[in-house]
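J.: One structure, pasted below without further comment.
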Amino acid sequence: MSIGDILTKTFTNMDIVSSITSTVFIILLGFYCRKREIFTDKFGKILSKVVLTVALPALAFNSFMQDINGKTLKEGINVLVWGFLIYIILILITKPLYLRFKGDQQDTLRVLTIFGSTTFFGIPIVGAVFGAKGVMYSSIFNIGYRVFLYSYGYIKMSGLKMESKNLKNMFLNPIVIATFAGLIIWLIQGALPQVAVAGHSVAFLRIDQTAPWLFKPMTYLAGLCSPLAWLAIGTTLGEISFKEAASDKTSWIYSINKVILVPALNIVLLAILTMTHVLPVSYISLATIVIMMATPTATVAAAYAISFDKDAVLASNASLLSTVLAVVMTPVWLVILEVINQIGIF
């Protein structure tokens, strides 16, 4: 199959096309509503809070309500391992990547490049395009992200030692609790007490089978995740002056590294690891990881820069530009990933 045939097949795949248009249209709607002051300046923050405390936890937990087998277990372990390895790799390579920058500026650029908005920006897109399995792998991948964000990220930006509040942020928030609860149920479902449902036995904690009265409302809440997150992103973009940020050359360098170079690095390394059978992953795992790594600045990372006075202006400009570039590049990455899928490397 030629590249032309692959591209034609990709652009005639209505699942891919509709996912791209949904993302772009709803972000643009949020942007329009904020510019026209239909949404107030506080509306984006309210939406973000609903997504992070209600919708995303429901989405993460529900994604684990599926059967486990040897293949998915091995895949989950490989994704978890890569979720730690990639952050170690990024910590190492961002030093020479930003060697021309010094002091606080280098520290800020490194931390912002390592940590993207995988939870708020990435998971809703993964859920919309790749469904429950994609969300499950993204939740597993994010375990390493949270460990490094609240340890290395904090220490690097603050210059202080690890604090107890970071451990609380690392493990005691709704998304992490929902992820670990779902992950544990998924892993040990075979050892849990079983109940008969529709002629076959399932673990009693598999609420998708045993408690539809509970699973259904959680499904509705999970369904809020993508549209509300995209509206919030559009609302945020509608509040900031793009002209000022666009004049900052350093922010452009960062944004290209974050949204283009980092996900491309993941593709290359995972292709090598898969072809050599060292750490093989499936196409869905690859696509999930790439979308998660092609996200803009993490809110927590930007907050570190502002709180500890580590070039706060750069962090703000970088956050805006990387968000705009991520909105533009997400459809491009989805097309590239579909081309990779058609080639059959993974």
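The backbone N, Cα and C atoms fix where each Cβ goes, and this holds for glycine too.
The transmembrane segment annotation in TrEMBL covers 16-34, 46-65, 77-99, 111-130, 136-155, 175-198, 218-238, 259-278, 284-306, 318-340.
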J.: Which residues, given as numbers and ranges, are at least 6 beyond the ends of the transmembrane segment (111-130) yet have a Cβ under 8 Å from it?
T.: 15-16, 19, 22-23, 48, 51-52, 56, 59-60, 63, 87, 90-91, 94, 97-98, 138-139, 141-142, 145, 148-149, 152-153, 156-157, 175, 222, 225-226, 229-230, 232-233, 254, 257-258, 262, 284, 287-288, 291-302, 304-305, 315, 318-319, 322-323, 326, 330, 334
J.: Counting Cβ pairs under 8 Å that are 6 or more apart in sequence, does the total for the transmembrane segment (218-238) and the transmembrane segment (77-99) reach three or more?
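T.: With fewer than 3 qualifying Cβ pairs, these stretches do not touch.
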J.: Grab the same-chain neighbours of the transmembrane segment (284-306) for me: Cβ-Cβ under 8 Å, and only residues 6 or more beyond its ends, written as numbers and ranges.
T.: 75, 78-79, 82, 86, 108, 111-112, 114-118, 120-123, 125-126, 129-130, 133-134, 137-138, 141-142, 149-150, 153-154, 157-158, 255, 258-260, 262-263, 266-267, 270, 274, 312, 314-316, 318-319, 322-323, 325-326, 329-330, 333-334, 337, 340-341, 346
J.: Answer yes if the transmembrane segment (175-198) and the transmembrane segment (46-65) have at least three CB pairs under 8 Å among residue pairs 6 or more apart in sequence, and no otherwise.
T.: yes
J.: Name the range, of those listed as 16-34, 77-99, 136-155, 259-278, that has the largest tally of Cβ pairs under 8 Å with the transmembrane segment (318-340).
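T.: Answer, by Cβ pair count: 16-34.
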